[in-house]
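What follows is a set of notes on a single structure, which appears directly below.
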Amino acid sequence: MSEFIAENRGADAITRPNWSAVFSVAFCVACLIIVEFLPVSLLTPMAQDLGISEGVAGQSVTVTAFVAMFASLFITQTIQATDRRNVVILFAVLLTLSCLLVSFANSFSLLLIGRACLGLALGGFWAMSASLTMRLVPPRTVPKALSVIFGAVSIALVIAAPLGSFLGELIGWRNVFNAAAVMGVLCIFWIIKSLPSLPGEPSHQKQNTFRLLQRPGVMAGMIAIFMSFAGQFAFFTYIRPVYMNLAGFSVDGLTLVLLSFGIASFIGTSLSSFILKRSVKLALAGAPLILAVSALVLTLWGSDKIVATGVAIIWGLTFALVPVGWSTWITRSLADQAEKAGSIQVAVIQLANTCGAAIGGYALDNIGLTSPLMFSGTLMLLTALLVTAKVKMKKS
């Protein structure tokens, strides 16, 4: 109880939201996401320039996710009492350094080192995002602030691949990463200007991160997070083969579907704060239930292009509630240990993304075209049931 009081005394004193700081965090998160996925659209020229296969070059994305998973788990144990403002500045420096190392890479090993630096920044920043947010705004404004941050994520996910592809043709892949390094420098200056001092956890309050899982409802919550994100990646990773073969979309048609998905996701994120103010638990249970029904509809009637497009829009709109909702759950139910809870959450999501994509791919190759949808829908239904039965939610 003393830890709760100590960590929230500063938060309780906040009467006016620091929106400049919130937007600086959102901008930094967006830059991290864009740089994370830049290689997806630049894979071919990167591979040709470095004299490696595209499959090997693709490991530049894998190593980032792998390092991010471990960074998220151990970052709070490492930084302890360090002022979080300085830690965030360090992450922005790592983002900039990563872009420069990749830009000047003349070997695959240097490329991986650069991408590993990004993984450290990505995992650490994501682990701290919820706890940072709740220290920048009053408690009643936390859902809105989180929706700003995840709105930036939605925009980044929509523009990362096409922006990288367009600029890569225009100025070359190395200069794309140089431009990203400039964004990193902007992050550094904006954070220095807007983010206040945020003292870390005193050493005498140090607590093992994994002890949080012993609290009532926390393990159930993390399992629900795992299943919902695994279900998402089992579906979304293979949306191209499913939509092109099941519904008969052309490449141009699929591009429009993905654009619609991205716009719907942004709208869903923007509306999430209004929904979460009414009931976080209802949102966390209702969203996966809607997604489970959507997966069933796509499995049964996905050959109709109108139905398939509608499902993509509903999916983007609905899943947008999930990351904002779970971050809100952490800020309310685990407010005294939000940073450590965020560490576990990020690691669980990274693992879920990997497992969901792997199992979905195996199902697609060995069972059938609609099998990733059935797997995804099953996970979403189980998530809804688990949240309803086991996940605890404290009122704000």
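Note that Cβ sites are derived from N, Cα and C of the backbone, with glycine treated the same way.
Swiss-Prot lists 1-21, 76-85, 129-147, 197-215, 277-281, 327-343, 388-396 with the feature topological domain 'Cytoplasmic', giving sequence analysis as the kind of evidence. Under the heading transmembrane segment, Swiss-Prot lists 22-42, 55-75, 86-106, 108-128, 148-168, 176-196, 216-236, 256-276, 282-302, 306-326, 344-364, 367-387. The topological domain 'Periplasmic' feature in Swiss-Prot is assigned to 43-54, 169-175, 237-255; the stated evidence is sequence analysis.
Contact between the transmembrane segment (86-106) and the transmembrane segment (256-276) is absent: fewer than three CB pairs lie under 8 Å, with pairs separated by 6 or more positions in sequence. If one looks beyond the transmembrane segment (344-364) by at least 6 residues along the same chain, the residues whose Cβ comes under 8 Å of a Cβ in the stretch are 65, 68-70, 72-73, 123, 126-127, 130, 209-210, 212-213, 222, 225-235, 237-238, 241-242, 326-327, 330, 371-372, 374-376, 379. Secondary structure by DSSP for the topological domain 'Periplasmic' (237-255): 13 helix, 0 strand, 6 coil. Here the listed stretches are 55-75, 148-168, 176-196, 282-302, 367-387, and the one with the most C-beta pairs under 8 angstroms to the transmembrane segment (216-236) is 367-387. Below 8 A, the CB atoms of the transmembrane segment (256-276) and the transmembrane segment (148-168) form 3+ pairs separated by six or more positions in the chain. Only pairs six or more apart in sequence are counted, and the transmembrane segment (176-196) with the transmembrane segment (22-42) gives three or more Cβ pairs under 8 Å, enough to call it a contact. The DSSP breakdown of the topological domain 'Periplasmic' (169-175), given as helix, strand and coil counts, is 6 helix, 0 strand, 1 coil.
Taking the topological domain 'Cytoplasmic' (129-147) as a whole, pLDDT averages 84 in the prediction.
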